[in-house]
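I have placed the structure first, in the form of structure tokens, so that the comments after it can refer back to it.
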Amino acid sequence: MDGFSDDGFSDDGFSDDGFSDDGFSDDDFIELDGIEKVFEVRRRAGLLRRERREVRAVDGISFRVPRGEMVGYIGPNGAGKSTTIKMLTGILVPSGGRLRVAGIDPSRERTRLARRIGVVFGQRTTLWWDLPLRDSYALVRRMYRIPDDRYRRNLDRCVELLDLGDLLDVPVRQLSLGQRMRGDIAAALLHDPEVLYLDEPTIGLDVVSKAKVRGFLREVNAEHGTTVLLTTHDLTDIEQLCKRVMVIDHGRLVYDGGLDGLHAVGGSERTLVVDLERELPPIEVPGARTVRVEGPRQWLAFPAAASAAPLVAAVADGYPLVDLSVREPEIEDVIARMLFPGSEPEEGAARGAVRSVGPH
Amino acid sequence: MAEPLPRARAYDGLRAYALIVAMWVRSTMAYRTSFLIMAFGNFAVNVLDFVAIALMFSHIDTLGGFTLAEVAFLYGTSGTAFGLADLALGSMERVGRRIRDGTLDTLLVRPVPILAQVAADRFALRRLGRIVQGALLLGWSLTRLDIDWTPDRVVLVPLMLLSGAVIFGAVFVLGGAFQFWAKDASEVQNSFTYGGTTMLQYPPTVFADELLRGVTFVIPLAFVNWLPALYVLGRPNPLGLPGWIGFTAPLVALGCAAVAGLAWRAGLRTYQSTGS
């Protein structure tokens, strides 16, 4: 039995929202149309006077995510990433626009939607601080009414893949950040959610924990077709997990597409690192320029959108080649280049051309 | 299809409340000695509180025309009603902190009503101490009072305890709701809950008429025990109101609960979370 056929939410009589229960609908799973969120910030201005100010944290965002997709949601601090996630989960009520997740309006039917989604906040735990993981999970099981066999199967899988075996009897407050994060991710997946939101899931983790988390997410997505939306500051997360990336800045979507397209828009360059047999003067091949020489090793920059194959062939043809590798550009630079272009932004970035006043 | 039926929601809420409470009780019982000490401490503090009143009566025979047994009746009813509300909903005070630091978010993504989660959060069984003390005192007063136990008087005693608990509970929820707007509303709420229960332990006759009018018609704390108790004890209402008004306590309690529920919903909709 696959994990989606009986999510336990059909028992309360709500399965008439346009989605067949087999989970293979082609409809868009997450739909946003012109979503806005305006915060009213009150500041003390003098003894009794208060100043009211409106902050547009999210300023007219529209996108669609089909079922089973894994999407990265990135942008600078205060761009509106977390605010978007909070609206998607029903924590915050949008100030304008239309929003549907699995056909449900999150802010109107928050608790009903909650059975079908999993949420992980990198900055805070959804587990019970004073309880061992095992007790937290048992409570989650009863809250979500997860059938016994499914609960045991899911828990076993999480324990194995996330390496939680030794941690089940430790109170959450005694766990390290990496352990707690793994515990949180497991808790969010016990009820087989159809979509998983992760807000900074790798923040503050060491390299090993990061790799574990990424591997697990990839597996969950591949095996169960779980839709995943994650925000992150670590762009390796995106590189390794997401085919599609959305960039948000000042509450507006400024890019939505593949990682390669992001490079093209930003006009970024990849690097070909070649090891030659001996020290030689800078290599000269068409379509690339040598940016650095260090003994027999040389670095050649070429447009990220171009293919590396002809370049490699040209180098191998004219030089005594020992080894080579291609390095992707730092996406942080790519985004910076896209957000602050020297010239006019190209197609895809056009929506971000007019900027509003942001929250900071 | 809008919200689930109110009845289903109420059931879900109570079920979740019971689940979370059971978990906290289990985790409390892991440290049994610690729990017993805390519960006894809670009980002893409340007992000493009444000892002060008893000592006062060694110098006077009546307080505002009420005997020691009658004051004990007021004390017991108010203490038990408040104790029940405090046990069930005392955790509402913590919601302010959760709103400020944004940890309310983690409760909002669970498939159970938020009020149930907040109310059951860190459920403290030690608060039983206050109920035990209130009930013992009430029991003692009943053995000493010379009351004409007509059926309506017999019914009114448990009815007033329940209504009183609901009224105090509504004040807890109302206080929690206001914390969505004013971050320090819990202090105001404390003055109505803790302050209210202290006031209700004394005979209404010792207070000014303005105050009595206030707690009868504005914030109906007088319905917790004063108005029903006046009828049970066969005493006239200081404001000249008829005795049957004590029987309206359940209606007043339901009204309070409805107002508190609406305020909570409104508060939740204004929730802005925090930055990250």
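Cβ atoms are placed via backbone N, Cα and C, with glycine included.
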Annotated transmembrane segment segment (source TrEMBL; candidates B:72-90, B:110-128): B:72-90
Cβ contacts under 8 Å made by the transmembrane segment (B:72-90) with residues that lie 6+ beyond its boundaries: 46, 50, 53, 66, 119, 124-125, 127-128, 130-131, 133-142, 144-145, 157, 160-169, 171-173, 193, 196-197, 200-203, 224-226, 228-229, 232-233
Same-chain residue ranges lying at least 6 outside the transmembrane segment (B:211-232) that approach it to Cβ under 8 Å: 73-74, 77-78, 81-82, 147, 153, 156-157, 159-160, 163-164, 167-168, 171, 192, 196, 199-200, 204, 238-239, 241, 243-249, 252-253, 255-256
